[in-house]
Amino acid sequence: MRIHDQHFRTIWPTQNAVSLIDQTRLPFEFVIVSVTTLAEVCHAIRHMQVRGAPLIGAAAAYGVALGIQSSATETALAAVVQQLIATRPTAVNLAWAAHRMQQQLLAVPEAARASAAWLFAQAIADEDVAQNLAIGQHGKALIAAKASVDAQQTINILTHCNAGWLATVDGGTALAPIYAAHDAGLKVHVWVDETRPRNQGASLTAWELAQHGVPHTVIADNAGGHLMQHGQVDMVIVGADRVTREGDVCNKIGTYLKALAAYDQGVPFYAAVPTPTIDWQVARGADIDIEMRDADEVAYISGQAPDGRWQRVRIIPHESTALNPAFDVTPARLVTGIITECGIFAPAQLHTLGQ
Ligand SMILES: CSC[C@H]1O[C@H](OP(=O)(O)O)[C@H](O)[C@@H]1O
């Protein structure tokens, strides 16, 4: 995506290192960090310097490349893969990418693995960008169809968390149709759920949309249902971290509540996902491992002080405890369609894509 007239991906290889945008510094600082070790990649994933299902998949791929530079034996490769998979359990893309790297590398001679890994990782990154471009085009058609009913109407789209280019290598998933529609001249406006507790919507989605010139309004997570009740939401488009083969959608905590409100109000609810986010081994969302993150992410909030300094303040009593499940599952019955690079599928039809 273009920032300050430069084109950026969220992650890219440099000489035996990996550069990445540190998303914990946004929206007030645009910081690129360079990582040179497997441990640094694991830290970046675990602490959400890089986050978003497709992006942590690409980060894992580059992490495998970094991790086997000193030893590319089958045992060493297996240990690198396990370290990466252990960083975050819910987004299937991470394990999918790590295992794909492992399989491809075991198929080449040990002496060639260290260099081949960079090519295999680049392929995963490039595929993500192409998939997201296609998701954008399929999703744009949905928005255009809604706009054709009333050419003057602005299409109001609610999204949750960040599923923009920052959550991927480039292009985004839930935001890809929005960018495509905006760039095609369609009148779109985005309701941006702040997305407590990490506020990916307020700090990342809002920043992305502002950079791209897309009209948007940040709202409290709890406002979405009210807006739907008052006819102010034409559709919901979210990303996902894992979609089951029956179309249950695991996404950032709070997504399920938006889907319930959308269903109650007859608002179409879409998940935009590249096919690596579909877990063909899992039928039911109840079987997905939901990441439990540090309760301090709920107990504290971070932001920029008036003097520009980054501040972190406690917002609950010291005597209180907090609980921080990072994802929830929206059952397929609440999902209107799943926007993939291969087209848009009703949950019941997803199996026709089956792998
Ligand atoms: C396009 S995947 C985006 C997906 O990932 C986010 O999770 P996190 O920020 O914890 O990595 C969130 O669930 C987004 O919808």
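Glycine is no exception: its Cβ is also placed from the backbone N, Cα and C atoms.
Note that the structure is a prediction, hence the values are computed from the model and not measured.
These come from TrEMBL:
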type	residues	note
ACT_SITE	Asp241	active site, proton donor
BINDING	Arg51, Gly52, Ala53, Arg88, Gln200, Asn251, Lys252	substrate binding site
SITE	Cys161	site 'Transition state stabilizer'
Using the Cβ center of Arg51, Gly52, Ala53, Arg88, Gln200, Asn251, Lys252 as the substrate site position, which other residues in that chain lie within 8 Å, going by their Cβ? Ile56, Ala91, Cys161, Asn162, Ala163, Ala167, Gly239, Asp241, Ala326, Phe327
Close in space, distant in sequence - Arg51 (substrate binding site), Cβ under 8 Å, 6 or more apart: Gln23, Ile45, Asn162, Ala167, Gln200
Counting only other Cβ atoms and using a 10 Å cut-off, which of the binding-site residues Gly52, Ala53, Arg88, Asn251 scores lowest? Arg88
How far is it from Lys252 (substrate binding site) to Asp241 (active site, proton donor), counting Cα to Cα, in Å? 8
Those recorded positions, out of Ala53, Arg88, Asp241, Asn251, that come within 10 angstroms of Cys161 (site 'Transition state stabilizer') at the Cα: Asn251
Distant-in-sequence Cβ neighbours of Asp241 (active site, proton donor), under 8 Å, six or more positions away: Ala53, Thr90, Ala91, Val92, Asn93, Cys250, Asn251, Lys252, Thr277, Phe327
